[in-house]
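Peer 1: Sharing a structure here in structure tokens format.
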Amino acid sequence: MSSLGTEQFSERSQWVLNSPNPPPLTKKFLGPLKDNKFFTSSSSKKETRAVSFLASLFPILSWIRTYSATKFKDDLLSGLTLASLSIPQSIGYANLAKLDPQYGLYTSVIPPVIYALMGSSREIAIGPVAVVSMLLSSLVPKVIDPDAHPNDYRNLVFTVTLFAGIFQTAFGVLRLGFLVDFLSHAALVGFMAGAAIVIGLQQLKGLLGLTHFTTKTDAVAVLKSVYTSLHQQITSSENWSPLNFVIGCSFLIFLLAARFIGRRNKKFFWLPAIAPLLSVILSTLIVFLSKGDKHGVNIIKHVQGGLNPSSVHKLQLNGPHVGQAAKIGLISAIIALTEAIAVGRSFANIKGYHLDGNKEMLAMGCMNIAGSLTSCYVSTGSFSRTAVNFSAGCKTAVSNIVMAVTVLLCLELFTRLLYYTPMAILASIILSALPGLIDIGEAYHIWKVDKFDFLACLGAFFGVLFVSIEIGLLIALSISFAKILLQAIRPGVEVLGRIPTTEAYCDVAQYPMAVTTPGILVIRISSGSLCFANAGFVRERILKWVEDEEQDNIEEAAKGRVQAIIIDMTDLTNVDTSGILALEELHKKLLSRGVELAMVNPRWEVIHKLKVANFVDKIGKERVFLTVAEAVDACLSSRFANSA
């Protein structure tokens, strides 16, 4: 086959060759920051820019002017309903985090108010959650023993909360939300399910009234600890009372029944919301009247009341554990953000509005920073409480403020009434909330759609269940990264054919009716990048196709011999030096076989780099086309090659 014709190539090809230079590297990295709504505004006046900035920072300013008494009535009802669920759950989650009960209540006061001012979700309910509480109780004790040094443990938790808030704020300001996406939906489903089972097993301590328990979180260690502790307390002289189990199981059945009724009949949405508070009131009254604490029933005892005390002086910012606090804070920040954004977006989709992920990160970060200064630990959006808030008919984030005020009144007026609350009730409240964290239906859906995603789901589940939270997260992230890496080093390289009666060229494997052109091999690289990781694979794959094509058509001589390779680069957004080198080597090997090479629709960054590397000059500018159809037509009309 002779070389390509030298006639002037079409104007459409010039559009590709003369496209503007892509943005510089600095703009690519700093562009998202400059585009951040918190720092830019199209307004010309400084006053208007200031108002726009405040409206972006505090979304409440954009809707408070249209807030009505009718909306407040709905938010008031939602907030009170939310508080009835939040108060007992907050106490239980504080116990799960190995903190005194009041710290769970503190966490339901300040963070919800900050979020109501800065958050963009109307339905999300803020406060302590089970997964983050367990995360802290499994990671922080590895640094400081909560039993031997309770004050230092509590102070380290506040420091972790500060770092979590700082990381979350940085993610929002720098628009780094993609970091949260590394924990995929499938991995999150597995992680939540594994965490729910581990949390449930840990509640056996309170449900059975055990005094000795393991600090490990894996299922095997917890079950072993339950057996040995229970056997030791029953056979030894220690006073073990089955009343803890009786009280806990009785109210657990009541809570699960209330949850079942509320799910079956939406008119009774309020029943599972008030059931935990009702359980606390009834069980406390029963223990008080029967003097159950004198008969072995473990009770909460003293709960400190009053407004959140300052914890600024308790932060450990210059001690030996700052590094560990930052590490745990980063993990907590990502887990908390992932759960909150997933919850917020699911309900925003139901209501038909957009949830700004970066604003959510900023709001979450600011509320946790404020929380760390006011004796709170890491808070986020709770799925169970958000569902209750939604079902109660909330209209805005004011329901969070109503809930916070109600919890504050509880702290001021009613904490002394919690003295006789049995620990088994806290365990039963947490256990009743766990079924919502296990989504078997979604896991089955993941299995049907993507087996690799299901592997990440299983990895996170079994890692959390049988090893630890960190290992479960590490396994999930490793599988997710392996999936990304596998897709990067083994990109799709497809042979294209023309769909009859159209100008469309599609994968012949997917569309068997697609017709290939004799002597012309059209190939598409279905990858975002041609780089060092996959360039060799792409080069060898194309050469293998040329050899296979020639071998299959050896009896047809010139008619079957490949005369031209057309590479469709429409999907290719970037190429590095290794990718360019692979293209040059491919071009040389094709020339040695008498095969010409052409490119179709290289994106602007790709064509810019190919021109700078002189690759376009090497293959000839007339071999760059806008569409596959134009490239094939040029070949057939002898612009590309003389007919055999």
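Yeah, the Cβs are placed from backbone N, Cα and C, and that goes for glycine too.
The compositional bias 'Polar residues' feature in Swiss-Prot is assigned to 1-19. Sequence annotations record features per position, and here Swiss-Prot assigns domain 'STAS' to 511-635 based on sequence analysis. Taken from Swiss-Prot, the feature region 'Disordered' covers 1-20. Taken from Swiss-Prot, the feature transmembrane segment covers 50-70, 76-96, 99-119, 124-144, 156-176, 179-199, 242-262, 268-288, 328-348, 394-414, 418-438, 455-475 (among others), and the record attributes it to sequence analysis.
Could you place these features in context, so I can see how deep they sit and what lies close by?
Peer 2: Across the range of the domain 'STAS' (511-635), the DSSP-based residue counts are 65 helix, 24 strand, 36 coil.
For the transmembrane segment (242-262), same-chain residues at least 6 beyond its ends with a Cβ under 8 Å from one of its own Cβ atoms are 206-209, 268-273, 275-276, 279, 282-283, 286-287, 292, 295-298, 422-425, 427-429, 431-432, 435.
Nonlocal intrachain contacts for the transmembrane segment (328-348), taken as residues 6+ away from its ends with a CB within less than 8 angstroms of a stretch CB, comprise 120-124, 129, 131-132, 135-136, 139-140, 143, 159-168, 171, 179-180, 183, 185, 188, 192, 354-355, 357, 360-361, 364-365, 368, 378-383, 386, 390, 470, 473.
Cβ atoms under 8 Å from those of the transmembrane segment (455-475) belong to residues 134-135, 138-139, 183-184, 186-191, 193-195, 197-198, 216-220, 331, 335, 443, 446, 483 of the same chain, restricted to positions at least 6 beyond its ends.
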Peer 1: Against the transmembrane segment (268-288), which of these stretches has the most C-beta pairs under 8 Å: 76-96, 99-119, 179-199, 394-414?
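Peer 2: Comparing 76-96, 99-119, 179-199, 394-414: 76-96 has the most Cβ pairs near the transmembrane segment (268-288).
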Peer 1: Looking at 156-176, 179-199, 418-438, which one has the highest count of Cβ pairs under 8 angstroms to the transmembrane segment (76-96)?
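Peer 2: The listed stretch sharing the most Cβ pairs with the transmembrane segment (76-96) is 418-438.
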Peer 1: So if I exclude everything within five residues of the ends of the transmembrane segment (179-199), which remaining residues of that chain have a CB under 8 angstroms from its CBs? That is, six or more out.
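Peer 2: Same-chain residues near the transmembrane segment (179-199) but 6 or more away: 96, 130-131, 134-135, 171, 217-219, 222, 334-335, 337-339, 341-342, 357, 361, 430, 434-435, 437-439, 442-443, 446, 450, 453-454, 456-465, 469, 472-473, 476-477, 479-481.
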Peer 1: Out of 99-119, 124-144, 156-176, which stretch touches the transmembrane segment (418-438) the most, going by CB pairs under 8 Å?
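Peer 2: The stretch I would name here is 124-144.
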Peer 1: Residue list, the transmembrane segment (156-176) vs rest of chain: Cβ under 8 Å, 6 or more residues beyond ends.
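Peer 2: Those are 32-33, 35-36, 38, 97, 99, 136, 140, 143-144, 311, 314-317, 321-322, 324-326, 328-330, 332-334, 336-337, 358-373, 375-378, in sequence order.
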